[in-house]
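Per TrEMBL, transmembrane segment is recorded for 21-39, 73-97, 109-128, 134-155, 160-179, 185-206, 380-400, 406-425.
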Amino acid sequence: MAQNRRPKSVIDSLGEEIVRIVTPVSICMFMVVVLVSILNTGSSSSASSFNSIATIAYNETTSDSFWEKFKGALFNSLIFVAAITLATFVLVLLFYLRCTYFLKLYMGFSSFLVLGFMGGEIALFFIGDFNIPIDSITFFVILFNFASVGVLAVFMSKMAIFVTQGYLVVIGVLVAYWFTLLPEWTTWVLLVALALYDLAAVLLPVGPLKILVELAISRDEDIPALVYEARPVTNHDSESRNGVVRRRVWRERSSVGNGSDDNLNSGTNSNLSLDSDSVVDSNLTCGTVNSIGSDHNDRILIGAEQGQVLEREAELSAPLIDHRTSDQLHRQENSASRENLLLEGIGLGSTGAIKLGLGDFIFYSVLVGRAAMYDFMTVYACYLAIIAGLGVTLMLLAFYQKALPALPVSIALGVLFYFLTRLLLEVFVVQCSLNLVMF
């Protein structure tokens with residue numbers, strides 16, 4: 001029967017989910033390719049490499065042999081991954097100690113540095129290359145306002161979702177561009193090392209990201225980190241009850257057991273997405289629902305669907321399943337909610353939207369930006385490989401219904417397609433063009 005169907009999974013709207021996460025990723029990669037094409041020229045002041053923790057052990061030179069370059073790049077990558085691992089464990093420790101406010105301040109300060117210093121440096125490259133007339137006072141005022149609004153949009157206040165998403169993409173573009181200035185061998189080895197680290201950090205029982213996600217789920221808190229969250233997709237069932245459209249529940253806390261009616265009267269803690277911008281947290285019992293009244297609850301839900309919920313009514317929400325339904329239906333919903341408990345973190349957010357760490361944006365763009373330094377044929381191949389890998393990861397997310405690393409598949413395909421295109425496809429296309437072979 002229709003009432004006994006399980007809640008819809010991500011597979012039911014996977015196409016729309018993919019579009020909503022592929023679009024910002026594509027914009028980020030495109031902007032990095034544009035920056036690399038414009039600024040990384042022989043006459044540009046930004047073409048030289050810069051020193052960072054990723055080049056602390058070895059600085060690549062053209063006179064070094066292949067083995068020396070590979071060995072030095074491997075040392076650089078190991079040091080960089082070790083630093084990231086240590087920083088992630090410190091983040092887990094601070095989050096465990098409930099230093100959330102400190103973490104938000106730190107993340108806000110880091111975002112300000114990225115937008116202010118990295119963005120300002122790139123702006124100076126453009127001013128110098130294109131001879132843009134601007135005085136220093138105006139430049140610093142514009143830069144300070146740009147960075148300040150970015151910090152407020154990402155961490156400190158509620159703004160329109162497209163503003164927050166736009167600033168997250170800008171941060172990814174700025175950091176990714178600076179990573180493209182690393183030496184070539186260090187860049188490729190670092191990308192592979194980070195993909196392996198991401199795989200271990202998310203899937204291993206002692207992985208720092210896995211611990212962080214599970215800790216956030218157990219506390220019902222958001223992780224204070226730079227995470228891009230797409231707009232959640234809302235599915236409307238044709239079989240609505242009393243004019244109330246049921247929405248897909250992605251994550252639901254429930255203390256209801258498999259016992260009798262006594263367990264059904266116990267408190268439940270549910271996170272239900274009523275629209276794309278708000279999540280209503282409710283602690284309801286069956287007695288509370290009875291006291292509110294079924295008709296009043298229906299009116300509240302209808303108003304919530306239409307975005308007309310008053311502030312005083314925002315704390316009142318009715319469950320998607322009416323309390324008058326059978327115990328069997330309650331048990332089925334509770335079983336499904338326990339399965340949905342893992343849909344959080346590097347995967348699905350509490351609103352049902354797919355979440356992707358900003359690091360994934362950055363290193364996708366670094367791969368494409370490095371390919372742009374060779375030619376655009378490799379850019380096309382790497383872009384298609386990354387998008388295909390991201391699609392495979394989303395399919396796996398729908399199948400396994402738990403947090404998954406987003407780097408390994410895309411980075412593996414991207415690196416493979418880069419070298420296949422550079423070593424095989426380019427030679428084939430050039431020979432066909434030289435011999436006027438039409439195909």
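Glycine too: its Cβ is placed from the backbone N, Cα and C atoms.
Keep in mind that TrEMBL annotations are predicted by a computer and have not been checked by a curator.
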Recorded stretch, among 109-128, 185-206, 406-425, maximising Cβ pairs under 8 Å relative to the transmembrane segment (134-155): 109-128
Sequence gap of 6 or more, Cβ distance under 8 Å, 3 or more pairs: do the transmembrane segment (109-128) and the transmembrane segment (160-179) meet that? yes
Tertiary contacts of the transmembrane segment (160-179), as residues 6+ beyond its ends and Cβ separation under 8 Å: 24, 27-28, 31-32, 35-36, 39, 50, 54, 111, 114-115, 118-119, 122, 149-150, 153-154, 187, 226, 228, 230-231, 276-277, 358, 361-363, 365-366, 369
Top stretch among 21-39, 185-206, 380-400 for CB pairs under 8 A with the transmembrane segment (73-97)? 185-206
Out of 21-39, 380-400, 406-425, which stretch has the largest tally of CB pairs under 8 angstroms to the transmembrane segment (185-206)? 406-425
Per the Cβ filter (under 8 Å) with a sequence gap of at least 6 from its ends, the transmembrane segment (406-425) is approached by 188, 191-192, 194-196, 198-199, 346, 356-357, 359-360, 363-364, 367-368, 370-371, 374, 377-378, 381-382, 384-390, 392-393
Who are the long-range neighbours of the transmembrane segment (21-39) in its own chain, taking Cβ under 8 Å and residues 6 or more past its ends? 46-47, 122, 125-126, 129, 165, 168-169, 172-173, 176-177, 180, 228, 230, 354, 356, 360-361, 364-366, 368-369, 372-373, 379, 383, 386-387, 390-391, 394
